[in-house]
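To start, the structure itself, in structure tokens.
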Amino acid sequence: MKKIIYLILGISLLYFLYLRFRLGLVRYFDVDEYTHLHWGYSFFLGQRPYVNFFYLIPPFFLYPIAGLFAVFGRSVGTIIMARTFISGIYLATAGVIILLGRKLRNRQTGLLSALIFVLIPLPNDKMLEIRPDLLSVFLSLLGLYLLIKSFEKKRGWLLYISGFFYSLSLGFVPKTLFFCIPVVLVFIYRLFRNFKKGVLRELVQFGAGFLLPVITILVLIVVWGKPKLAFYNMTKMASDVTATLGAKFYMRPDLFFYPNDTFYGLPGFSPPYVMNLLIYLIASFYAIFRFVSIFKDNDGEKSTREFLIISSFWINLYAFVYVYPLKHSQYLIPVAPFIAIFFAEFISVLFLEKQKSTKGLLFLVFIIYLGFIGETLYKKKMQWTNKVSLTKLENLIKNIPKDSPIFDLTGETILFPDGYYFCCLPYGQYEESIRFKFPDLETDMKKRQTNFVHVGNVERLNVLPGLQAKYIRENFIPASDSSFLVRK
């Protein structure tokens, strides 16, 4: 029975990873994807973030996107390759989840954790998209796994690499800072419990690895120029912007846990919705039990391992509910791997802890039922394609000279130079949080020789600061393509 369970889990995981890969190729694009793609293309053209174009997160995600443009060129195919790159990161994340699930319980739990991760509806859509969040979480999970291994194997080089990956993740998305809190707590505990040179050496080794990406970012922003502006954008302004938007557009933390066919494929209390809700509830309650059980265990290494994994979950969940002013579904990406692991461990304890054929058969029935729900969900979502967006981009490439600057309010044009310092974002909605002197719209557009404004819909002008919207309305008129305005 044990071999059959391994076989079923392995085949199911491979099948749903395949479906997930196919969905990534055809699913429609989120507006944030256009933004990251366009920023990456601007970087590929030699533009400097923070200096030549507005950028408010750390710069590392620009490199893989610009690298794709360098390898595959200025084409629609490169956009699909970017989705393929994210699918590769997703596959690697599933691999680390297997390792963490195995550390927490056993191999079966590891495989089941990865399968649940692939099947869970929320926030799987956001892990399809071209955004830095998943890559950042993958690096944090990898850092977590290597930290656990370093404590078990007593190898300093693993500590160094662990610190490097924890820090590298922050160079993509600062939200993974919450993964570092359990690490700090563990090192403090180890120092107070046994203040020896060995523990100090561990801290230095981890810190040395952690410093490397930090130093790299500092060197980059100095080389690019305006390091104060870059540091401000990555820290204070990014925080102020999310706080402003959170106050204006409040989102409840349970918003995505109500019926929603966008996330769950079907309306109402559908099987995918119920499955998602049960997985989150059971995993969360089980994680409470697991956290309490840590302090009853006399095995120091096991307690440290479990504390790092379980507290990483709780701290990231706390951050989503109480810290982040905005509650977008991608903010659940740091939580989802742990939800999958704890639900998988609960199911393993329930069905597989004692090798009985009856429980094994019930487990297989359970997996088949989950698989049926997952297949229904994936095939439904494959109907919502990116064909219209890709066709539009192909037409733009054919009809507009590639060197024509476009002031793009949505980011959909992607493969053209910036027509203004800002691009793609509704920055008029948080103008009060932008506390640096940005270029005058009229002057900057004339300097760049900008003759096109892409609005998508003319109402999009309302997300600009008032004076800028007034200038656009007075100096640009609708083109034959209603999503564009052209200079008079």
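Even glycines carry a Cβ here, placed using N, Cα and C.
Per TrEMBL, domain 'Glycosyltransferase RgtA/B/C/D-like' is recorded for 58-214.
If you look at the transmembrane segment (7-29), the same-chain residues 6 or more away from its ends with a CB under 8 A from one of its CBs are 80, 83-84, 86-87, 90-91, 94, 108, 111-112, 114-115, 118-119, 124-125, 128-130, 364, 367, 371, 374-375, 378-379, 381-382, 384-387, 389. Residues annotated as transmembrane segment in TrEMBL: 7-29 (among others).
If one looks beyond the transmembrane segment (49-73) by at least 6 residues along the same chain, the residues whose Cβ comes under 8 Å of a Cβ in the stretch are 36-37, 39-43, 81-82, 85, 130, 132, 135, 168, 170-174, 213, 217, 220-221, 224-226, 229-230, 233-234, 237-238, 241, 418, 421-423, 425, 427, 438. Per TrEMBL, the feature transmembrane segment maps to 49-73 (among others).
For 80-100 (among others), the entry in TrEMBL reads transmembrane segment. Sequence-distant contacts of the transmembrane segment (80-100) (same chain, at least 6 residues past either end, Cβ-Cβ under 8 Å): 13, 17, 20-21, 24-25, 37, 40, 64-65, 68, 72, 110-111, 113-114, 117-118, 127-131, 134-135, 137-138, 141-142, 144-145, 309, 337, 340-341.
Under the heading transmembrane segment, TrEMBL lists 134-151 (among others).
Annotation source TrEMBL lists transmembrane segment at 163-191 (among others).
Taken from TrEMBL, the feature transmembrane segment applies to 203-224 (among others). Tertiary proximity for the transmembrane segment (203-224) is limited to same-chain residues at least six positions away from its ends with a CB under 8 Å from its CB atoms, namely 48-51, 58-60, 147, 156-157, 159-168, 170-171, 183, 187, 191, 230-231.
The annotation transmembrane segment is assigned in TrEMBL to 273-295 (among others).
As annotated by TrEMBL, transmembrane segment applies to 307-325 (among others).
If you look up TrEMBL, you'll see 331-352 (among others) marked as transmembrane segment. Same-chain residues lying 6 or more positions outside the transmembrane segment (331-352) and placing a CB less than 8 Å from one of its CB atoms are 5, 93, 96-97, 100-101, 104-106, 108-110, 112-117, 120, 122-124, 126-127, 133-134, 137, 140-141, 175-176, 178-179, 256, 279-280, 282-284, 286-287, 290, 309-310, 312-313, 316-317, 319-320, 324, 359-360, 362-363, 366.
The annotation transmembrane segment is assigned in TrEMBL to 361-378 (among others). Sequence-distant contacts of the transmembrane segment (361-378) (same chain, six or more residues past either end, CB-CB distance under 8 Å): 4-5, 8-9, 12, 15-16, 19-20, 23, 115-116, 118-119, 121, 264-266, 271-272, 275, 347, 351-352.
The stretch with the most CB contacts under 8 Å to the transmembrane segment (307-325), chosen from 134-151, 163-191, 273-295, is 163-191. For the transmembrane segment (134-151), same-chain residues at least 6 beyond its ends with a Cβ under 8 Å from one of its own Cβ atoms are 61, 64, 86, 89-90, 92-93, 96-97, 99-100, 103, 126-127, 158-159, 161-166, 168-170, 172-173, 175-176, 179, 183, 202, 206, 301, 304-305, 308-309, 312, 333-334, 337.
For the domain 'Glycosyltransferase RgtA/B/C/D-like' (58-214), the mean pLDDT of the prediction comes to 94.
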